[in-house]
Every structure is written in structure tokens, then in C-alpha cells.
Amino acid sequence: MLPVLKTQRLLLFVPLIPAVAFLFIGGPSGFELPAMRYLWNMGHLALFALVTLLWHSYIPVRSRSQAFRLLGSVLLISLIIETLQMGIGRSFSLLDVLRNLIGAWIVLLFINRSMIPVVVSAALGVALVFDLTGLFRTGWLDWKIQSRTPVIENFEEPSASHRWKDQFETETENVSEGQFSGAVTFRPSRFATFKLRYPLKNWQGYHSFSYDVFNPSDELVKLSLRIHDRAHEREGNFQFQDRFNTSLELSPGWHTIQIPIQDIASAPADRRMDLSAIVEVQWFMVAPTAPQTLYFDNIRLTKDEP
Ligand SMILES: [Ca+2]
């Protein structure tokens, strides 16, 4: 049995109030690493463990029917919360609903595990393992990407490229570094993009951002590049003048493009870009009329002067 003394009840409300508020106003959006965001989202679990403790302190849960009533209430509340979140521009998350149930389930196990049918425990246990596996995989990928400085992407290690693997084919023919390059096909659309979301984040202490690109066609190809930091998404509101933008025309063959970091840092109109928190590098073509493939390789930071 898990007793909650009356004097401790009020203390349970202290973390509950800001936690409930964050459900609607969102958590701190300053995380540059997906694993931190993932961990934050797992806070649902702690919140509903707390809610269950509070419930139990006022309405003791002592039987299977009472446990079901509690889990049913958590499910209902979760569905309402997720539906309300859709109304404020956030998405409905089935995983968050499961997390809420898992949080309640863990506390119920401590109160009296015989109240929970094995099949319910098995289902929620599997969901918990799935969630923890997701956290581990996200953290491992963050570590892979952040630890291969000064390489941002060189297409040599498929496991490290997993985050953006859907956007390119690994190639061995047109390569400028190592054994592999990434063939990106820009298909007809308003903006055809190749996006490195959550790449190496700390660009401090380098002279240039550099990459190799091969144009296999016989014609000039116009390619644009944009780079932004975390603040661009929070305070900058994705405004054009608040990020680094550049365009170039690629003649047939290989090119090594080198962009001084200072140009990137000074690109936002009203501030310096935060070089410790780069969150996106994106190449794009505006309304290509036919599929256009380019080969990218050796995307990196360098300390050399161009
Ligand atoms: Ca390579």
C-alpha cells in the first residue's frame, strides 16, 4: 500500500499547477536536441503519476473497479486535453494519451498491483518499453550527429544519417570524400527541399560552413540555401530577414561551396545568429519543372580561410 499523508497532499499541488499549464502553453521550446524534447514530452507520465497520487489521497483506490474508474477517467481527460490542444495549433498525440495512462498505471501498481489485470499491465508495459526505446534511439542519434564534429553530413555512416535518410539515396559514383555521397532529387513542387533538421548544432569557433555539390546535368541549376538557429523559430517567427539566405547557379560538375560563418552569424537583420544553436540547414529549388538530381558530399565546418 502507498499511503499519502494529509499534510503531504497540498505539496502534491505545487508541481501540478505549472505542469498542467505546460500542457497547453507548451514546454520550453529552447531545446536544440530532439532527445531533450522527447524527454520533456515523457513528462506526461510524471504528471499523471502525480494526478493519480492526488486522486488516491482524496478518493482511495482499493479495488479493481475503482482502479478501472481511475484509468477510465485518465483516458477521458487525456482525450479531452489532446482534443483541446488541436484547437491551439498543436497535434493530437496518441502517445501522450498512452503516457498519461502509464503514469497512472505505475502508481496503481505501487498502491496494489493485484487491482490491475495482467493484460492491462502487459499492454501498458509494452507501451512503456516502446516509449523508452524511442527516447534511447533519439538520444543515440543526437549523440552520433553531435559527436562527429566538424562533419555535418558526409554520407559515410548510414546509422548517423538516419534522421534525414528519406531525402537522399546513398551513391558511390559521384563522390568527393570517402566512399559515399548523397543523391538528392528535387522534384517538381512549389519548394523542393533537402533539409538537415537538427544537424550539428554548435558552429562556434569555425571559419566556414562548407559543402561539395555535383551537378550531373548539362545546364545551369539554381540552388538556394537557408540556415537558421533556434531563436528564428521562437522569436523570429520564420521571417526571411531573420535567417541566412543565399542562392547560387551551379554549372555542370563538382563545386566546393564555402560560406564564412561570420556571414551566417550576421545574417539576421536585428540580431546575431546564435551559433551555438543551429537547428536547420536547408537547400531548396523554387518550382523546378522537372526532377533535378544533385549529389551532395562532405558537408562540414572548417577552420580554414576560403
Ligand atoms: Ca562522403
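A Cβ is built for glycine as well, from the same backbone N, Cα and C atoms used for every other residue.
All annotation found in TrEMBL is predicted automatically rather than curated by experts.
If you check TrEMBL, you get these features:
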TRANSMEM  12-31  transmembrane segment
TRANSMEM  37-55  transmembrane segment
DOMAIN    42-111  domain 'VanZ-like'
TRANSMEM  67-86  transmembrane segment
TRANSMEM  118-140  transmembrane segment
- Item | Across the domain 'VanZ-like' (42-111), average pLDDT on the 0 to 100 scale | 90
- Item | Residue counts (helix, strand, coil, in that order) that DSSP gives for the domain 'VanZ-like' (42-111) | 58 helix, 0 strand, 12 coil
